[in-house]
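One structure below.
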Amino acid sequence: MEEPRIAAKVPKMVTLEPGTYYWCACGKSNNQPFCDGSHKGTSFVPLVFNVEEKKDFWLCQCKQSKNKPYCDGTHREL
């Protein structure tokens, strides 16, 4: 099984409007933490998540969180 690339060892704070988002699961996107299609040709697929109201989120960039796409602090153990 392929392991995701660690895009960064810190989360990214983003303010998201209501809508559907695609979180990069492979770590290869040039638009972290969002998918840009760089996973094509791998076993990875983006994680789709919905936002109901405008809010700040800390999104995982180490790709190791147990609560994807949200940061759970796992990056501190890498």
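The count begins at 1 with the first shown residue.
Note that Cβ sites are derived from N, Cα and C of the backbone, with glycine treated the same way.
Remember, TrEMBL labels are computer predictions, not curated facts.
Record features (TrEMBL):
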DOMAIN    9-45  domain 'Iron-binding zinc finger CDGSH type'
DOMAIN    46-78  domain 'Iron-binding zinc finger CDGSH type'
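Within the chain carrying the domain 'Iron-binding zinc finger CDGSH type' (46-78), a Cβ under 8 angstroms from the stretch's Cβ atoms is held by residues 4-27, 32-33, 35, 39, all 6 or more beyond its ends.
Confidence across the domain 'Iron-binding zinc finger CDGSH type' (46-78), taken as the mean pLDDT and rounded to a whole number, stands at 98.
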